[in-house]
Amino acid sequence: MGRGLPGGGGAGPESGPHPAEGRGGVRMKGRQAAGVRARGRQAAGVRARGRLGGWLADAALILYFVFALFPVAWMLILSLKPADQLFSTYFSFTPTLESYRTVLGDREGIPFTRFFGNSLVVSVGAVALSLVVGLPAAYASARLRFKGSENLMFTLLSFRFAPELTVIVPLFVLYQKLGLFDTYVGMVWVLQLITLPLVVWIMRSYFADLTPELEQAALLDGYTRTQAFFKVALPLVKPGVAAVSLLAFIFAWNNFVFPLILTSNEAQTVTVGALSFLGGDRPKYNLTAAAALVSVVPPLLLALTIQRYLVRGLSFGAVKS
């Protein structure tokens with residue numbers, strides 16, 4: 001009774017949703033909505049934790065920069081103070097450039113500008129010698145593997161790890177006998193003992209990252225191994241050369257022990273010469289601060305000049321296979 005015809009509009013038992021099925025669909029939709037809300041809360045929590053982590057990282061960076069720049073700011077303030085206000089407990093003072101005029105004018109009987117020039121000469125000389133010797137050595141070490149090459153590289157790098165005070169006494173005796181004491185040649189030679197291992201070790205990784213097919217193609221074109229080095233490999237690692245040159249210059253410029261022991265006056269560098277203002281009965285802290293800040297200028301200018309190459313050189317080696 002009451003069965004609908006096929007194709008007709010009759011409403012049989014099959015025509016509408018079963019009550020149980022309707023309740024199941026409602027429960028399923030409810031679970032889906034609850035899942036969406038849970039995922040939304042989870043995503044919001046992740047975003048909140050991400051923002052909190054970003055704030056903490058920013059705060060840590062700010063604290064680090066304050067900690068790192070505080071000595072520089074203190075020296076700057078000290079260098080701008082008049083001599084009669086050096087130990088004043090008041091923060092307010094009348095800034096003056098008299099300390100810089102005294103330092104750069106070679107007053108007080110201290111030839112600071114000569115010390116500054118000495119540092120430029122011996123640092124540039126040490127870096128140049130290290131590049132001339134170290135770049136071919138790094139390339140050969142990366143391409144011409146032989147038994148014991150890794151041990152040789154580690155031995156070379158161990159020279160950089162050795163404390164300077166362990167070799168300073170024999171070097172002092174040797175320099176006295178060879179006439180290298182207080183000379184530019186002697187300082188360039190001893191500073192390249194610091195910079196050469198750095199150049200070889202870092203540039204070796206750059207050359208090792210180069211795909212050998214580039215040099216093999218150059219060799220097939222008739223290039224010699226030396227020509228392949230200068231015309232193919234070396235241009236590809238220019239960012240690395242810029243980065244390692246800056247690092248080597250900073251190491252040579254900042255060295256204190258070797259100039260302190262192996263020089264007396266003629267070849268004395270700025271790191272030792274800046275301390276000359278602390279001598280005497282009345283140490284001149286404002287002049288020492290001014291000399292220290294002036295000595296920071298060359299590495300800073302060099303870093304700004306080669307900044308484009310420096311960022312690339314520190315971020316990647318070269319073309320990888």
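Each residue, glycine too, has its Cβ placed from N, Cα and C.
Keep in mind that TrEMBL annotations are predicted by a computer and have not been checked by a curator.
A quick note: this is a predicted structure, and the numbers were derived from the prediction, not measured.
Taken from TrEMBL, the feature region 'Disordered' applies to 1-37. Residues or ranges marked as compositional bias 'Gly residues' by TrEMBL: 1-13. Residues annotated as transmembrane segment in TrEMBL: 55-77, 120-140, 152-175, 187-207, 228-253, 285-306. Per TrEMBL, domain 'ABC transmembrane type-1' is recorded for 116-306.
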Counting Cβ pairs under 8 Å to the transmembrane segment (120-140), which of 55-77, 187-207, 228-253, 285-306 comes out on top? 187-207
Six or more residues beyond either end and a Cβ under 8 Å away: which residues meet both conditions relative to the transmembrane segment (152-175)? 141, 181, 186, 190, 193-194, 196-198, 200-201, 204, 255, 257-258, 261-262
